[in-house]
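Peer 1: Residues annotated as active site, charge relay system in Swiss-Prot: Asp142, His197, Ser519. Feature annotation from Swiss-Prot assigns domain 'Inhibitor I9' to 32-110; the stated evidence is sequence analysis. Residues or ranges marked as domain 'Peptidase S8' in Swiss-Prot: 114-580. Among the features that Swiss-Prot reports, domain 'PA' is placed at 353-437. The N-linked glycosylation site annotation in Swiss-Prot covers Asn173, Asn220, Asn381, Asn459, Asn601, Asn649, Asn659, and the record cites sequence analysis as its basis. Positions annotated as signal peptide by Swiss-Prot: 1-24.
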Amino acid sequence: MANLAASTCLYSWLLVLLLSSVSAIIDEDTQVYIVYMGSLSSRADYIPTSDHMSILQQVTGESSIEGRLVRSYKRSFNGFAARLTESERTLIAEIEGVVSVFPNKILQLHTTTSWDFMGVKEGKNTKRNLAIESDTIIGVIDTGIWPESKSFSDKGFGPPPKKWKGVCSGGKNFTCNNKLIGARDYTSEGTRDTSGHGTHTASTAAGNAVKDTSFFGIGNGTVRGGVPASRIAAYKVCTDSGCSSEALLSSFDDAIADGVDLITISIGFQFPSIFEDDPIAIGAFHAMAKGILTVSSAGNSGPKPTTVSHVAPWIFTVAASTTNRGFITKVVLGNGKTLAGRSVNAFDMKGKKYPLVYGKSAASSACDAKTAALCAPACLNKSRVKGKILVCGGPSGYKIAKSVGAIAIIDKSPRPDVAFTHHLPASGLKAKDFKSLVSYIESQDSPQAAVLKTETIFNRTSPVIASFSSRGPNTIAVDILKPDITAPGVEILAAFSPNGEPSEDDTRRVKYSVFSGTSMACPHVAGVAAYVKTFYPRWSPSMIQSAIMTTAWPVKAKGRGIASTEFAYGAGHVDPMAALNPGLVYELDKADHIAFLCGMNYTSKTLKIISGDTVKCSKKNKILPRNLNYPSMSAKLSGTDSTFSVTFNRTLTNVGTPNSTYKSKVVAGHGSKLSIKVTPSVLYFKTVNEKQSFSVTVTGSDVDSEVPSSANLIWSDGTHNVRSPIVVYIMVVDEA
């Protein structure tokens, strides 16, 4: 018996060891892939998860695949995420019904007077349809939310809309209410926001009006969202390490089925991906098919060209720009000269002056003076910096300032158009002012300065596109202009998580904070889209997008080449009040997008799987991508000929008044030599919802390779001005 027991024990130990070894091999050789299978089958006996498990068993040869299956997408579209080897991935990609198999990549976050700036005033000063606004649900896919924030209080709210099919699954000590009606977590951390990003974006889109808010006295005023009476559903897909593709797809799968009216998502890749490998493009397509508009951020990789993310035409892509309010932080030198820098500095040093030390003068033995001037890590001698204001030629000094004992920091800002928050007194100077500061330091035996608390300034020139905002052209669908629109995304005050850091290595905790990024611009447009939808609940996503784009303000963008063109701002700056009365709209449906994808050379077989419909990509059913009925017109030229001729075909739908006559007018862009003919030049609409088609032929020669040629087409009936940008370009020269 003893020998039997010993043998059994030994066998069990060997079995555990073997299984552990196999598990280790699987973990080492596999990675998470997403298997996208298009629309859900209409067969009554089809069970998605069973199909997914069957595929895995077939490919892996394993009867138990619980350790392989990560997620199953089964509510709004079909697919799954699983741990696969490269050979297994290849096998699955060949299976009938599979559209694409792509790695689970990690995406990144695209991180109050703004609504007043756009003309949406507080209280009774703004026209609202409160009954429908209260039935509008905005899905926020982000880092979660802080449910206790006043911005999400349900005081005065009735029960959730009857159409709501979601849940409150926020985790421990997380409670939803009649304002924050839903919460889902895909990170195993719970839906509570620990970074502040998701709380910030949610309150910008749909937060309640909260008076007397500020960041330690900076930017004092009322914080509110665009549609404060609407409901919010929070979907947490991001952690400190990023946002996984498989979680993003799962959040779309749920949000669509839960019954949201609109999705705002301030997340993306640094560069665009092909549609079938892009989780946001996939999710947004199925949202569009269900009548749900997806609004997303353009990215923060500007002003370099071709950096815009979210380039699919069924995604509303938002750039970031300034408002008329800004923050400046003055630096007063020992000689009395004042330099106006940029930061959000809440530290009050009472105007006291401290010694200045330039990084290169505090170089340690590990670095040369040039590297130390940038305040690179491990380059500074602590004894020379302690108790002084550190002066750096770049932003890296913020990471080491505290460790070397600096009392404050002044740097040459790489983004002098933006005020950033820091964990110690700071000011970022323009290159010219920084040069002046260095000259002062080098001319004095005991240079000193004071870094003052931030001041708020108004009535500055605006809107201006932020330098960080990602630029086009679109590298996936080259004839679709992206970004689509711009909105406030610089120095935005909104709700924040008390568990989050207002800046890196910051020990302070706040309920409202200031951030900049296309992440902040995106929820502004989401709020506007929801606002328009409250007046036109039957409008499709494309009609809402068109109304916003064709009524946008003209804007300015600084920089050389494409950085200052429509590739920076699309149709212009969002104008919420004008969007309520566009007159005419460019309308698209699912079939139009399928025809567009046919024109992008997707096969009939693939598109049938994606759409769930019978698709034939014949000459009759496919369209050139530039002829998609989009509110903007863009074409990339071959560049082989000095002369060119391009035609765009469009159709407008009358949503204004019956018996309307619209006349066309073309306004050429600065320096443009384009010849543009509109046929017919006049459109007559007898009834509301009537459609009329027209074509725009653009001819010219010798288009500049660095700057696109552009114009604006305006259809006007004397009351409405329906404006669409027209852009033609050859290639893009990287100006970096």
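Using the three backbone atoms N, Cα and C, a Cβ is placed for every residue, glycine included.
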Peer 1: Find the one among the active-site residues Asp142, His197, Ser519 whose C-alpha lies closest to that of Asn659 (N-linked glycosylation site).
Peer 2: Ser519
Peer 1: Check the DSSP secondary structure of Ser519 (active site, charge relay system), expressed as helix, strand or coil.
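Peer 2: Ser519 (active site, charge relay system) sits in a helix per DSSP.
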Peer 1: What recorded positions among Asn459, Ser519, Asn649 are found with a C-alpha within 10 angstroms of that of His197 (active site, charge relay system)?
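Peer 2: Passing the 10 Å Cα cut: Ser519.
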Peer 1: On a C-alpha basis, identify the one among Asp142, Asn381, Asn601 that is nearest to Asn220 (N-linked glycosylation site); the candidates are the recorded positions.
Peer 2: Asp142
Peer 1: Select the closest residue to Asp142 (active site, charge relay system) from the following recorded positions, measuring between CA atoms: Asn173, Asn381, Asn459, Ser519, Asn601.
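Peer 2: Considering only the listed recorded positions, the nearest one is Ser519.
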Peer 1: Within the domain 'PA' (353-437), how many residues are helix, strand or coil going by DSSP?
Peer 2: 25 helix, 21 strand, 39 coil
Peer 1: Over the span of the domain 'Peptidase S8' (114-580), how high is the average pLDDT in this prediction?
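Peer 2: Averaged over the domain 'Peptidase S8' (114-580), per-residue pLDDT gives 94.
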Peer 1: Between Ser519 (active site, charge relay system) and Asn601 (N-linked glycosylation site), what is the CA-CA distance rounded to a whole number of Å?
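Peer 2: With distance taken Cα to Cα, Asn601 (N-linked glycosylation site) is 32 Å from Ser519 (active site, charge relay system).
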Peer 1: For Asn459 (N-linked glycosylation site), which of the three DSSP-derived states applies: helix, strand, or coil?
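Peer 2: Coil, per DSSP.
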Peer 1: Which one is closest to Asn173 (N-linked glycosylation site) in space, judged by CA to CA distance, out of the glycosylation sites Asn381, Asn459, Asn601?
Peer 2: Asn459
